[in-house]
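K.L.:
As listed in TrEMBL for this protein:
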type	residues	note
CARBOHYD	ARG151	N-linked glycosylation site
SITE	ARG151	site 'Required for activity'
SITE	ARG158	site 'Required for activity'
Amino acid sequence: MASPVTPTPLLKDELDIVIPTIRNLDFLEMWRPFFQPYHLIIVQDGDPSKVIKVPQGFDYELYNRNDINKILGPKASCISFKDSACRCFGYMVSKKKYIFTIDDDCFVAKDPSGEDINALEQHIKNLLSPSTPYFFNTLYDPYREGADFVRGYPFSLREGVPTAVSHGLWLNIPDYDAPTQLVKPRERNTRFVDAVMTIPRGTLFPMCGMNLAFDRELIGPAMYFGLMGDGQPIGRYDDMWAGWCMKVICDHLGLGVKTGLPYIWHSKASNPFVNLKKEYKGIYWQEELIPFFQTTSLPKECTTVQSCYKELSKQVKAKLGKVDDYFNKLADAMLTWIEAWDELNPSTQLQNGK
Ligand SMILES: O=c1ccn([C@@H]2O[C@H](COP(=O)(O)OP(=O)(O)O[C@H]3O[C@@H](CO)[C@H](O)[C@H]3O)[C@@H](O)[C@H]2O)c(=O)[nH]1
Ligand SMILES: [Mn+2]
C-alpha cells in the first residue's frame, strides 16, 4: 500500500520567513511542522558577536549588524539597530515573491476546536485570494469556503483586487501600547474571531509586525520599518509607520490589505515602562501623522511602488518636517531604503505594483 503522499507545502519555494531576533530561536521547535519546508531569513539584532542558536534541520540565512553594514555600506544607516524594525532588512535581501514575518515570542495557537493553527497556511490563503477594498462584504471574506458575496454586492466588483498584505492577530498577550499595558497588565486576549476581512480603501489601520505576511513583488519596497531604536527618538512605531505608508500606496495602486485570521499565541509581554520610554513621542506625534496620511494623495504618474514611496518621502519632508526634525531624517532614510532596495533588487521596477 503506497504511503499517503504528503502535499507539497503551499509556496514552498516562493516564500521566505523573516525573523528579527535578539534571543535564541527555540520557538521554532513548535513551528517545525509548518516552517521546516521553508527558507528562513534571520535578522540578528544587537551585539553581532553573540551567537544565535538555530535548531537543527532548518534552512536559513542569518544576518547580523556586521553583515548589514558590509552589504549596504553607508546605506546601512537606514536599517534600525536595537529595534525589531531591523526585520525589514530581511525583506530587502529576500529573492522570493512572498514574505511571512514573525516574532520569536510567538507560538502556535489553537483554534476553538483545539486544533493547532497553521498561521503560515492561512496567510498564504489570504494572499492568494483577492481583496474587496471598494465595497464591504458583510459576510466578511467572500472567497472563503462556505461564504460568498451577499445580496446587493455589485457584480462589477466581485472580481476583487490582488491582495498585497495579510495581517494576522494574536491570542494571549495583545499588542497594546504602553499606557494600555500599564493600566491593564493582566488583560489577555482570549477571543478567537473566525473572520478575515479587507480593510476598506481610504481607511488606515495599526499594522503589527509580529504576525504579518505580504506579496513582496506587489508591495515590498513600501515595507520599510523606519528609523527606530538606538540613536532615534522613537521606538515601537516601526510597523505602524510601514503600515500607514503601505496602505496609502495600496489604495493608490488598487491593491488589497486583509486582517483577521490567522492567530498566533503571543507569549511574552515586553516591559511597559521600557515601552513607554520608546513610544511616548509616537503617542502624541501620531495625532498629526494620521491626518497627514489620511489627506495624502499620490499623483497618477506614480505607477510603481518605488515612485509612490519617493513621492511620499517628499511629502513627509514637506509636511512633517515641521512636527520634528526626526521626520526630515526619516524622509531621507526612506529614499536611502529605496536606493538600497533597487540596488539589491534591480528588476523590481514594476508598473502598478504588478
Ligand atoms: O531590540 C530589539 C528587540 C526585539 N527584537 C525582536 O523583535 C521581536 C519583538 O520583540 P518583543 O517580542 O520583545 O517585543 P514586543 O513588544 O512584543 O514586539 C511587538 O511590538 C512591536 C513594536 O516593535 C513589534 O512590531 C511587535 O513585534 C522579537 O522577535 C525580538 O527578538 C529585536 O530584533 N531587537
Ligand atoms: Mn513580543
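Start at 1 and count along the chain as shown; that gives each residue its number.
Cβ atoms are placed via backbone N, Cα and C, with glycine included.
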K.L.:
Excluding near sequence neighbours, so keeping only residues 6 or more apart in the same chain, what lies with its CB under 8 A of ARG158 (site 'Required for activity')?
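P.N.:
Correct list: PRO142, PHE149.
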K.L.:
Look up ARG151 (N-linked glycosylation site) in the DSSP assignment and report helix, strand or coil.
P.N.:
coil
